[in-house]
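A quick write-up on the structure given underneath.
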Amino acid sequence: MPSKSLSNLSVTTGANESGSVPEGWERDFLPASDGTTTELVIRCVIPSLYLLIITVGLLGNIMLVKIFITNSAMRSVPNIFISNLAAGDLLLLLTCVPVDASRYFFDEWMFGKVGCKLIPVIQLTSVGVSVFTLTALSADRYRAIVNPMDMQTSGALLRTCVKAMGIWVVSVLLAVPEAVFSEVARISSLDNSSFTACIPYPQTDELHPKIHSVLIFLVYFLIPLAIISIYYYHIAKTLIKSAHNLPGEYNEHTKKQMETRKRLAKIVLVFVGCFIFCWFPNHILYMYRSFNYNEIDPSLGHMIVTLVARVLSFGNSCVNPFALYLLSESFRRHFNSQLCCGRKSYQERGTSYLLSSSAVRMTSLKSNAKNMVTNSVLLNGHSMKQEMAL
């Protein structure tokens with residue numbers, strides 16, 4: 001639909017009661033359709049960026065899931081959640097990104113009523129899986145660092161799989177209203193030409209989009225991030241307190257342990273930071289449009305902001321494997337070995353501990369005199385004391 005101008009357009013079917021143009025559909029348009037340099041550049045550059053996002057995202061996330069599935073040492077509670085993130089990203093990359101890219105080649109909605117109902121549900125489900133999984137990961141890091149005695153390994157993987165499935169169920173249920181209200185409508189211009197478009201909430205009043213955008217921002221952004229912030233506040237406080245309280249003669253031993261804990265928490269925090277950076281502009285833009293329901297901004301600046309927000313939000317689906325590659329030595333080694341087609345899969349010696357605090361049973365014996373914590377690790381039935389690192 002990019003070739004349609006924003007001016008002289010109206011909704012002839014599926015219009016809201018006030019007769020105003022529904023929020024949402026105008027974001028798919030370029031400012032003009034006269035073959036200008038701007039239009040031609042956008043038609044080429046944006047789909048190319050989408051193709052890059054799809055290619056890189058599929059490679060990284062498929063490799064991530066494959067590594068966790070094929071290497072038993074990598075199967076842990078945090079890694080199950082990370083695989084859940086990758087699955088949600090793959091869903092978005094395989095469905096929503098190609099559909100969005102097609103809008104720069106075709107003047108009309110090409111995916112029918114079913115596609116109009118399904119695509120918004122898939123996108124919101126993917127966002128829900130991402131932010132709710134990040135919240136669950138933060139809770140896991142909180143328990144591992146602040147309350148290590150509460151970490152139980154008996155049935156932990158099974159319980160985590162159930163939690164991951166629960167995240168999907170909740171995300172799908174929350175996205176169902178998108179399918180209920182989205183409709184394919186025909187947009188008419190004053191020159192008697194018309195085209196079809198997928199419009200969210202076309203038959204509602206001005207209040208509905210405002211409520212919807214605020215709820216989306218709260219449920220899928222602000223509230224989860226507030227919970228994550230609380231978890232990380234307590235994590236930071238515990239790490240600082242532990243560094244001050246541990247006796248000097250054990251500094252070398254505890255330093256490695258502390259670095260491991262901080263590294264694990266850092267990985268999750270980087271994931272959260274990437275999510276905020278990529279999705280915040282999209283949330284703000286959606287609320288801006290919802291609160292300016294009757295106005296259409298045909299300016300080049302608004303169009304550029306819209307395109308940047310879209311590219312950033314879709315780009316979030318390919319950044320997590322890169323972050324993990326940079327921050328985790330174990331994942332980096334396994335990833336490199338997978339890329340080397342002629343080599344055997346890298347078999348890691350010793351204990352792999354990529355976010356695997358729950359893959360082992362840890363019991364803490366606290367000394368009242370020296371406030372020292374000694375971890376006794378049980379792995380495959382054998383007791384061993386060691387410092388585990390990425």
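Even glycines carry a Cβ here, placed using N, Cα and C.
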Cysteine paired with C198, where Swiss-Prot records a disulfide bond, from C96, C116, C318: C116
Swiss-Prot: matching membrane side for E108 and K262: no
Long-range Cβ neighbours of the transmembrane segment (212-235) (under 8 Å; 6 or more residues past either end): 124, 127-128, 131-132, 134-135, 138-139, 141-142, 145-146, 174, 201, 265, 269, 272, 276, 279-280, 283, 286-287, 289-291
Winner by Cβ pairs under 8 Å against the transmembrane segment (80-99), considering only 42-65, 118-139, 157-177, 267-287, 300-327: 118-139
Among C116, C198, the one of these disulfide-bonded residues whose Cβ has the fewest neighbouring Cβ atoms within 10 Å: C116
For the transmembrane segment (118-139), sequence-distant contacts whose Cβ falls under 8 Å of one of its Cβ atoms, 6 or more beyond its ends: 78, 81-82, 84-85, 87-89, 91-92, 95-96, 99, 111, 163-164, 167-168, 170-172, 174-176, 178-179, 182, 198, 200, 216, 220-221, 224-225, 227-228, 231-232, 268, 271-272, 275, 279, 316-317
